[in-house]
Amino acid sequence: MVLQKLPLIGLLLLLTIVASPANADGPVCPPSNKLSRASFPEGFLFGTATAAYQVEGAINETCRGPALWDIYCRRYPERCNNDNGDVAVDFFHRYKEDIQLMKNLNTDAFRMSIAWPRIFPHGRKEKGVSQAGVQFYHDLIDELIKNGITPFVTVFHWDTPQDLEDEYGGFLSERIVKDFREYADFVFQEYGGKVKHWITFNEPWVFSHAGYDVGKKAPGRCSSYVNAKCQDGRSGYEAYLVTHNLLISHAEAVEAYRKCEKCKGGKIGIAHSPAWFEAHDLADSQDGASIDRALDFILGWHLDTTTFGDYPQIMKDIVGHRLPKFTTEQKAKLKASTDFVGLNYYTSVFSNHLEKPDPSKPRWMQDSLITWESKNAQNYAIGSKPLTAALNVYSRGFRSLLKYIKDKYANPEIMIMENGYGEELGASDSVAVGTADHNRKYYLQRHLLSMQEAVCIDKVNVTGYFVWSLLDNFEWQDGYKNRFGLYYVDFKNNLTRYEKESGKYYKDFLSQGVRPSALKKDEL
């Protein structure tokens with residue numbers, strides 16, 4: 001299905017891209033009559049992203065230990081679309097070929113993650129270090145650098161060592177803090193001399209909410225009144241505890257990073273994943289007020305804490321005793337504990353205030369006193385949603401979210417760690433259909449334009465952008481049915497890669513203008 005047209009889309013390639021006046025505060029954008037790399041400030045990085053569990057495979061090589069998702073998908077195959085990451089897209093064996101695919105796209109950077117159990121098979125250094133696993137990431141990082149691609153490394157992208165999960169419940173226990181700091185410090189010391197961009201945690205909201213409040217992702221915990229599939233868990237409690245331990249772990253890891261001599265000159269942050277919200281009913285003042293509350297619960301929960309040192313006051317007021325408290329020392333470590341804001345943006349929703357919460361059935365969504373709606377009070381959808389789309393497409397929300405972060409958090413540096421379009425092709429899935437991904441191409445066009453407007457008009461300090469994803473891969477509870485890649489992976493025929501129309505578009509977009517690697521370092 002061809003994507004429904006939205007305002008500006010028909011004019012996109014004819015539009016004269018706004019240039020910044022040279023004396024304006026904020027980013028300076030060159031004049032351009034076509035949206036491309038040349039429409040952005042010099043030095044702006046463009047790349048693609050993946051995560052270890054979603055692409056590597058090779059779960060029995062390099063003495064890798066079991067990860068949370070390995071066991072979860074074996075125990076509950078129906079909750080992983082009867083798929084798993086045992087082989088994934090075999091990036092472990094094909095990374096050199098895949099790096100050539102990155103070069104083909106003219107990208108500058110690649111976001112990857114390190115699998116904790118591939119480094120410490122049993123979760124802790126004292127129980128053994130996999131030197132083969134350590135060497136694999138050295139080889140991967142070196143190959144990226146050799147090919148002119150800057151590595152961005154995520155320390156934790158949801159692959160908790162199963163041994164720690166079995167021993168004390170993983171992030172449900174404060175014992176995770178010491179173990180995570182040890183692991184993070186190890187990878188900083190090992191790779192910090194050549195990796196200068198780090199992300200401690202990917203999407204802490206998704207990890208805690210989906211894993212411990214609604215049970216849609218591993219470890220699949222929640223109360224039965226939220227999801228009957230959950231066999232254990234306590235909604236409205238565990239998600240807050242997990243995030244609390246995660247944030248303290250982040251602060252400890254950042255302290256270790258800032259003491260790392262090899263790491264000098266680098267930056268560290270978190271990749272957040274909020275939606276943007278519009279009022280469900282513009283005539284209802286409560287819906288308007290609910291937007292700030294929604295953003296505090298989905299973004300401020302983590303970003304307020306790592307910026308100001310504590311949770312948003314509205315969360316303290318509503319959640320009450322169920323929200324753990326930080327010590328004075330923890331607050332001091334958390335405050336200003338990031339060098340940039342990592343942002344993953346996919347979609348937006350309407351925010352409808354919740355009239356009658358049920359205190360006997362607490363959960364994160366109810367605590368925020370809103371419901372998420374895909375249509376407003378007038379029955380209009382937010383953006384568009386093609387038949388195969390996983391999420392509604394609303395690029396205006398991208399720009400609004402960027403401006404919100406600039407205004408609330410004193411204009412921090414922002415890096416777009418993920419932005420992409422997922423689609424489920426179903427019975428029509430084939431190489432021919434999957435590579436003709438015009439909807440994804442239009443999604444990228446519109447979101448790149450919205451980001452360019454945020455940078456060049458709103459003066460938001462965005463410095464990098466990564467498409468999710470380089471390749472179709474294992475998409476958690478959706479398995480392999482939900483495709484996000486710029487390259488189609490043929491799961492029926494040797495995992496062969498095929499460039500999609502979106503990949504051709506991104507390559508053309510990046511072919512114009514000066515790559516950061518072509519600039520002198522003192523010009524950046």
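The backbone N, Cα and C atoms fix where each Cβ goes, glycine too.
Under the heading active site, proton donor, Swiss-Prot lists GLU203. In the three-state DSSP scheme, GLU203 (active site, proton donor) falls into the coil class. Every protein chain shown contributes to the tally, and the Cβ of GLU203 (active site, proton donor) ends up with 23 other Cβ atoms within 10 Å.
A strand conformation is recorded for TRP468 (beta-D-glucoside binding site) in the three-state DSSP classification. The Cβ of TRP468 (beta-D-glucoside binding site) lies under 8 Å from the Cβ of THR48, ALA49, ASN344, GLU418, ASN419, GLY420, PHE484, each of these being in the same chain and 6 or more residues away along the sequence. Taken from Swiss-Prot, the feature beta-D-glucoside binding site applies to GLN54, HIS157, ASN202, GLU203, TYR346, GLU418, TRP468, GLU475, TRP476, PHE484.
Taken from Swiss-Prot, the feature disulfide bond covers CYS222-CYS230, and the record attributes it to similarity to another entry. Under the DSSP three-state reduction, CYS222 (disulfide bond) is assigned to coil, being neither helix nor strand. Within the same chain, residues at least six positions away from CYS222 (disulfide bond) with a Cβ under 8 Å of its Cβ are TYR212, ASP213, VAL214, GLY215, CYS230, GLY233, ARG234, SER235, ARG363.
According to Swiss-Prot, the N-linked glycosylation site annotation covers ASN60 (among others), on the basis of sequence analysis. In the three-state DSSP reading, ASN60 (N-linked glycosylation site) counts as coil.
The N-linked glycosylation site annotation in Swiss-Prot covers ASN461 (among others). Sequence-distant contacts of ASN461 (N-linked glycosylation site), defined as residues of its own chain at least six apart whose C-beta falls under 8 angstroms from its C-beta, comprise GLY26, PRO27, LYS406, ASN411, PRO412, GLU413, ILE414, VAL455.
Note on ASN494 (N-linked glycosylation site): other Cβ atoms within 10 Å of its Cβ, all shown chains, come to 9. If you look up Swiss-Prot, you'll see ASN494 (among others) marked as N-linked glycosylation site.
Marked as motif 'Prevents secretion from ER' by Swiss-Prot on the basis of sequence analysis: 521-524.
The annotation signal peptide is assigned in Swiss-Prot to 1-24 on the grounds of experimental evidence.
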Largest CA-to-CA spread of beta-D-glucoside binders GLN54, HIS157, ASN202, GLU203, TYR346, GLU418, TRP468, GLU475, TRP476, PHE484, angstrom: 18
TYR346 (beta-D-glucoside binding site) and ASN494 (N-linked glycosylation site), Cα-Cα, nearest whole angstrom: 30
Stretch-averaged pLDDT - the motif 'Prevents secretion from ER' (521-524): 40
